[in-house]
Amino acid sequence: MGSVEEEQLLIEQGLIQEELKLYAEDGSVDINGNPPLKHRTGNWKACPFILGNECCERLAYYGIAINLITYLTAELHQGNVSAARNVTTWQGTCYITSLIGAVLADAYWGRYWTIASFSSIYFIGMSALTLSATVPYLKPSDCIGDFCPSPTTPQYLTFFLGLYLIALGTGGIKPCVSSFGADQFDDRDPNERVRKSSFFNWFYFCINTGAFGSFLLVLVQENIGWGLGFGIPTVFMGLAIISFFFGTPLYRFQKPKGSPITRICQVLVASFRKTNLKVPEDTTLLYETETQELIVASRKLEHTDDYKYLDKAAVLSLEEANSLEFFNPWSLCTVTHVEEVKILIRMLPIWASGIIFSSLYAQATTMFVQQGRAMNCNIGSFKIPPATLGVFDCITVLIWVPLYDRFNVPVTKLLTSSDNGFTVLQRMGIGLFISIFGIATAAVVEMVRLGMAETGTDASLTVFWQVPQIFIFGAAEVFYFVGQLEFFYGQSPDSMRSVCSALGLLANALGSYLSSLILTVVTYFTTKDGGDGWITDDLNEGHLDYFFWLLAGLSTLNALVYVFSAVNYKQKITS
């Protein structure tokens, strides 16, 4: 009977649906290339290895970065401005190389093999840096009284080769690790989608756990030796690689989906070639593929009405409409590919806000350290290296992240319509405004220090006066940087997640370069008439407070522009 057949069909369909629920539905695969079983792969069970990798890698990175300016001034005998410029330029390079890793991950290698490959480069760079501070021939000579001999060419080459191999290695890893961790959660499973948002909080927690440990390395570097101080983070980088490979059987892998840069160029070229064509009022007539391959690998994007000129790339010409042949992607693109480009354009104002924020953040490892060196760093007979005060930044983050995840989110969830409490854009905006108070506090502290220096009592101003400004910056980080991670992963097209994560890192790079540029411009204009300038080797003769107030003014303007951009931002819509 028909009813029996229908009942049997319903039972079979129900069994199929139950079986499908056992597998991740986001197009990911397991290590063998098969659909991944949810109870065996991904989710929080895969994350400890990724988070452990990030924790060790960040300890290695910050073990070099936070006290690099001290090495450049004390060991390579560079001046304050030159050393600060070298640090911010290197930090900027660490971020800008993320574009290389992102493109390779999205287009060719996938995130897993990109992380593995660049980790090896990273380890080689760390080893070279350790040798430059250990081997007598490669180690810079100590000062003899007031005479400090310049490092030899081999010493410079070995040190900077190691330093920039680290920049390449960390750049290749940065845009992939957070995205690879988020890939372990199925976006189409409501429960896993909520856990993914929590993952970004704990990912940033692990970053700062590694950074917290690195401050102990500063004590080793300044009291025992730079060779051991660089050697320990090299060992931790090795542990990071081991931790990452250990989790391989548990990972879910997203296949590379072709070059995002190529698709962007195709949309721009196709829209230009069809300048004379009119976009139909019925947008359902625009070209979109019907194949399941796109649906599985990269969700289709709904058409939006802005940037209509780009829609011309998806308009079928008369010849294309009558042709049954394969369409040339350089003259006809899908609506999804056009919308990918629109998303990137919409992201730009939000992305740009991170440039000024990162230029402020760069002061923590440059001018804050130099400011601390001009203060009283003694506790009894023990002298505190100023770079170690950054540990209070880590403490702030380590306190704030659990509070935010376990307390703030549930409370604000009751007051807002967002499942995660504040929306991502609100969270980033709060971070921007908090950072203004941080740099203003630094300026006030410097004004007090200079006032005491004029009366000859500067030694009484303890370095712990820097703690409030560091605490405020730590709070700003939790709001802005974690929000930035989630924004670029959540709003990016499925096929461009590494590239969009790299955009966030690129803002950090440009922030570091902007800091170098501002230092250069300020030094030029404040010394061109023969004055000492704002930033001098002896800070008591300069006006570092003016520099901090300048940054506070730029940050206020940046925050106001961000608010306007965030209010007008149009969210991504997937099919």
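Cβ atoms here come from the backbone N, Cα and C positions, even for glycine.
Sequence annotations record features per position, and here TrEMBL assigns transmembrane segment to 121-138 (among others).
Among the features that TrEMBL reports, transmembrane segment is placed at 158-177 (among others).
The annotation transmembrane segment is assigned in TrEMBL to 198-220 (among others).
Taken from TrEMBL, the feature transmembrane segment covers 226-247 (among others).
Counting only same-chain residues 6+ beyond the ends of the transmembrane segment (343-364), those with a CB under 8 A from a CB of the stretch are 88, 91, 264, 301, 306-307, 390, 393, 425, 428, 431-432, 435, 438-439, 442, 470, 473, 476-477, 480, 484, 487-488, 491-493, 496, 500, 503-504, 506-512, 514-515, 518, 548, 551, 554-555, 558-559, 561-562, 565-566, 569-570, 572. For 343-364 (among others), the entry in TrEMBL reads transmembrane segment.
As annotated by TrEMBL, transmembrane segment applies to 384-403 (among others).
If one looks beyond the transmembrane segment (424-443) by at least 6 residues along the same chain, the residues whose Cβ comes under 8 Å of a Cβ in the stretch are 350, 353, 357, 360-361, 363, 368, 371, 466, 468-469, 472-473, 475-484, 486-487, 490, 545, 548-549, 551-552, 555-556, 558-559, 562-563, 566, 569. According to TrEMBL, the feature transmembrane segment maps to 424-443 (among others).
As annotated by TrEMBL, transmembrane segment applies to 463-482 (among others). Beyond its flanks by at least six residues, the transmembrane segment (463-482) meets 200-201, 204, 354, 357, 360-361, 364, 368, 371-372, 375-377, 384, 386, 389-390, 392-397, 400-401, 404, 427-428, 430-432, 434-435, 437-439, 441-442, 445, 448-449 of its own chain at Cβ-Cβ distances under 8 Å.
Residues annotated as transmembrane segment in TrEMBL: 503-526 (among others).
The transmembrane segment annotation in TrEMBL covers 546-569 (among others). Residues 346, 349-350, 352-353, 355-357, 359-360, 363, 367, 425-426, 428-429, 432-433, 435-436, 439-440, 442-443, 446, 518, 522, 534-535 of the same chain, all 6+ positions outside the transmembrane segment (546-569), place their C-beta atoms under 8 angstroms from a C-beta of that stretch.
Residues 47, 51-52, 54-63, 66-67, 177-178, 181-182, 184-185, 228-229, 232-233, 385, 387-388, 390-391, 393-395, 397-398, 401-402, 404-405, 477-478, 481-482, 485-486, 489 of the same chain sit 6 or more residues outside the transmembrane segment (198-220) yet have a Cβ under 8 Å from a Cβ within it.
The list of residues near the transmembrane segment (158-177) in space but at least 6 beyond its ends in sequence, with Cβ under 8 angstroms from a Cβ of it, reads 50, 53-54, 57, 61, 64, 76, 90, 93-102, 104-105, 111, 114-115, 117-133, 138, 151, 203, 498-499, 501-502, 505. Residues 57, 60, 64, 75, 154-155, 158-159, 161-170, 172-173, 225-227, 229-231, 233-234, 237-238, 241 of the same chain sit 6 or more residues outside the transmembrane segment (121-138) yet have a Cβ under 8 Å from a Cβ within it.
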